[in-house]
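Per Swiss-Prot, the features are as follows:
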BINDING   169, 170, 171, 172, 173, 174, 175, 176  ATP binding site
COILED    909-940  coiled coil
DOMAIN    4-57  domain 'Myosin N-terminal SH3-like'
DOMAIN    75-780  domain 'Myosin motor'
DOMAIN    783-805  domain 'IQ 1'
DOMAIN    806-830  domain 'IQ 2'
DOMAIN    831-854  domain 'IQ 3'
DOMAIN    855-878  domain 'IQ 4'
DOMAIN    879-901  domain 'IQ 5'
DOMAIN    902-931  domain 'IQ 6'
DOMAIN    1143-1357  domain 'Dilute'
REGION    451-531  region 'Actin-binding'
REGION    1061-1419  region 'Non alpha-helical, tail domain'
């Protein structure tokens, strides 16, 4: 080993396991190395040793040498096998660093290490994450449990080989949750596969199967999981779930195998632990009536439930869990009636625990009237008398007789508990069998082609007191570890052979002696079974046999006897030595009930319980038959012990695993407090040793633990080759495999002294431990040397440029000084001349102002005198007129009184006469139309009467035309006598025609009066305005102001009504004027009766076949010809009152434009959409349901934006799109504000799109990504600045700040805080996502760990408080036409466009019959 000053290393520590240190001193004196290590906390550790190549404490004064540490670039690697120094602290530190970065998964070769976060991380298992890992190789994505599941699924499909995923770890490490997510992945990936193929029938079938498979989890957890001190949901059994596939790789079913249910938990629970979940769910979820039927109360009232203390779990609602369990039981085929029977059995077990057995001097007694006994027997359907008898007695069968004896108190308790355990274990096995019958029917069994097994099994257990359960669990882990070691060893050797390198046999510690100790013919299990079959067998005698058999060579290497006590034995497992307490081994191994008790249970009247016992008996017969087939002895009819059953099931499991392709997941529990994101070094270290990860690493270290591909090695270490060889790498020249091998060999042969430290294979280079760290060190030295050389040349060039710039500045400064002096001299002469001129002008101006001031004073005096004289004259005149007016009033008072009296009488008489006339007229008016009344009261009445009269007149005209036509035809085809007979009809026609003429004269008279009324209103308005201007008295003007405003509003209303009446008059006059030739009638008929043809011509021909005007035309009418034609026709329809038809035309036009732009070519879409966005804006001036038109315009605008978004693939395509929009916006007479709004919308989309790409699509980021994206942003901003787009930088601020974040250097938290002030728009969650993906380049240092930890804590707080989204919205929902044209007034539609001229411009090669006919009528 090399311990030069500056070497980073690890030193053992009792609190943290290992601490990071750096060598600060290394002196060699008197044959001893004096080394000083400085830890990260500043602690100095002195070490004295005589050998640097030994870690033997005996040779180094009981001091261990430190372990070398990996370079920073390798410390947080996602695969532990890539570490240069593959040792215990390096592995621990790598897992911890990834855990602190919220990466809970790490690869260790073929093993996935999963560290429990104790936090909700649902985003890691979302459907998006499943899709991301589907159909991807494991090396393409970050470590994840889905990568292992995908690898198993693809290998099963591609290689047609069964797969097994082994999920192991200690209680609370997350095994059960990991197994759940694996099952969810298989169901989701398989369903996605058939969704794409469109197999709807299969989707329905698979959804039912998937629901049943997933429903097994709540059932198995309720009956097999319990709360322990380490885990609130600890699995107390092993489970091997097989997901079955047919030949088409469809999921067709599932099968479950269970191992070693912890039966003793039913009758005993340690402090702070609980019994199985189902009991507490039953007590919380059952109704009150059902509880009364089952005699259930609270958990504290039952002995089997109150031993552990607390009966609840924080954060868990047992009533909700009960509902989930009930639903799952129904899903897997257990109906409500059977569920009720199951709850009866469970309630009976609780009552059995409360049976009170009384103790006497030598034996035990149990009354058949015990309340708990009566309740239990009632629920189980048993006889209380016989049941109580065989709880306290036993029967021994001899050849000649049967001997019945009493049991002691302790034996009676054991008998009672054995019955309860037997019933519960039988119920559990029956549930598993029932589930297998539902999920794996005979039809499914015939179509099974392959399967993927998920083994969720207990990890290595080592407590203060270890009993039979821990012995079986550790025995299973020994078998699995042996298989795992052989598997890893096999893979290592296969890769060496495949790469054709020189290698020697890898030695590793085999645990076969420990397995032989347990399972040999004279092993621990065999002796245990032998002792269990003896009537007088005991734990003490069995322990004595163990000591006599194994406490001697060669078995004493793995078996030991404790120094004190005779009730323990020690086994040296692969992980750690475990001391087992022998108390209870014999009883737990038997774990059965007497024949008498079994006969009592078989006599049950409970049908479900009878079925359970039948199933259990059938299973026992199967086990006995299998045992008889392998061992032909007279004892084959004996009941199998629990140990033999477990051994046989374990052998079957290993055979199954060995026949499949195995994948490994090791779950790690980071702390005992279950605190989120807390990492306990010592606890994790012990689990790494227990789960075999470190043993695997030792196997890898024995060979070549590090391996690099040729291309990766060249890209990283080409700097170590001579400089003349760099060109082939830096110029990106393609190198053949032979060239790459030669290049790698050139570097290695020059830098590494021994070829034993590396081997060059066919595709990779294999390195011994520590070689990569050495190469990294000399590469770092080389980079430093080259950096110094580059700095030297750059500084020389820099200072030379400063010198040349200084000389140039001096010369420029001299020239500027001379120029300034010359300008100052000329400026002085010019100022002198200007001063002389100013003095002259000032003197003349002062004299002129004095003359003007004198004249002004004279005029003011004259004005004041004249004002006084005029005022006096006006006062005298006012007094004179006032006196005359008073005299006139007095003289006129008497005649006026007489006149008023006469006028009052006259008015009274007139009122009475008018009243009589009005009453008569009222009777007549009631018969007429109601519009006559409104005609007297308002101008609106005149309008209605006029419209009615016009309609009647038009109908009369049509009738007269018809009669005229009839008359002319009769005149042509009828003889003179007949004509003579029609004279009366002719006379009637002439009379009617004369009446029409009179009506026309009447209408013209009414219109003339209406025009006179308008003129009077206008004159009144002018007189009032002149009156307002002519009044000089301020008080009088203010008093008239309010009256003037009211009069103005009335006149304004009259103007509006006058305009409307004028339009109606004009329309009516034209109809009356041209009524004889029926021109307007024909136009109305076209616009009403032929609407469909007109809409078809306008929409389907003119607009959809119209081409965008080519550049070069300048007239507005040519640009916007289609929309002008549409506006003209709509105005024409409004003129005739056909607004409903005009609505249909507008809606159909916009909807067809939306359909066309959706299917249009991308190149034409930009100009076409831009043209119609501007054109459709002109329609907003029409009074045609503006809300509906705006909605259609918004839809058209958003559709056009989506088409533009699809074209923005690269920065060049973005600039081309911007140029096109800019050019055609101005070409179509759009404003610069409109162009700015459109570009702003596109910039917002670019900001969201580029920012989201950095967050999601990029797996890794570096400063080059930021530099490239920054250059693209600069191109876009340069374009915006050149086209005067305001605030363009603000719309790209998110992606711009993200690029700066990737480019800025962060060396400590202070730097990071400065970066946060610059990146103020980025949340902590977004910065954490970016920096987590950041990977330093070869010249960079990685981001410090304390910065990442600080950012992680900030992001977690922000996620829980602010609820901010990680990504930006890149959709079109926020864009609208109202925002696009905000601040731009709507251009009024030009009603003076010559519609006939527009219609005549139609293409001559097209046939538009309705439009051309309309044009001919309007010509």
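Just so you know, glycine gets a Cβ as well, placed from its N, Cα and C.
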Distant-in-sequence neighbours of the domain 'IQ 1' (783-805), which means Cβ under 8 A and at least six residues beyond its ends: 719, 1338-1339
Densest Cβ neighbourhood among 169, 172, 174 (binding-site residues), 10 Å radius: 169
Cβ within 8 Å of the mean position of the Cβ atoms of 169, 170, 171, 172, 173, 174, 175, 176: remaining residues of the chain near ATP: 116, 231, 234, 459, 667, 669
Where residue 173 (ATP binding site) sits in the secondary structure, as DSSP reduces it to three classes: coil
Close in space, distant in sequence - residue 176 (ATP binding site), Cβ under 8 Å, 6 or more apart: 217, 221, 225, 233, 235, 456
Helix, strand and coil totals (DSSP H, G, I; E, B; other) for the domain 'IQ 6' (902-931): 27 helix, 0 strand, 3 coil
Reported mean pLDDT - the domain 'Myosin motor' (75-780): 85
Same-chain residues at least 6 apart in sequence whose Cβ lies under 8 Å from residue 171 (ATP binding site): 228, 230, 231, 234, 235, 458, 459, 461, 669
Same-chain residues at least 6 apart in sequence whose Cβ lies under 8 Å from residue 173 (ATP binding site): 114, 116, 459, 667, 668, 669, 687
The one of 170, 175 whose CB sees the fewest other CB atoms within 10 Å, among these binding-site residues: 170
Secondary structure composition of the domain 'IQ 4' (855-878) [DSSP: H/G/I, E/B, coil]: 24 helix, 0 strand, 0 coil
DSSP-assigned states of the domain 'IQ 3' (831-854) in counts, ordered helix, strand, coil: 24 helix, 0 strand, 0 coil
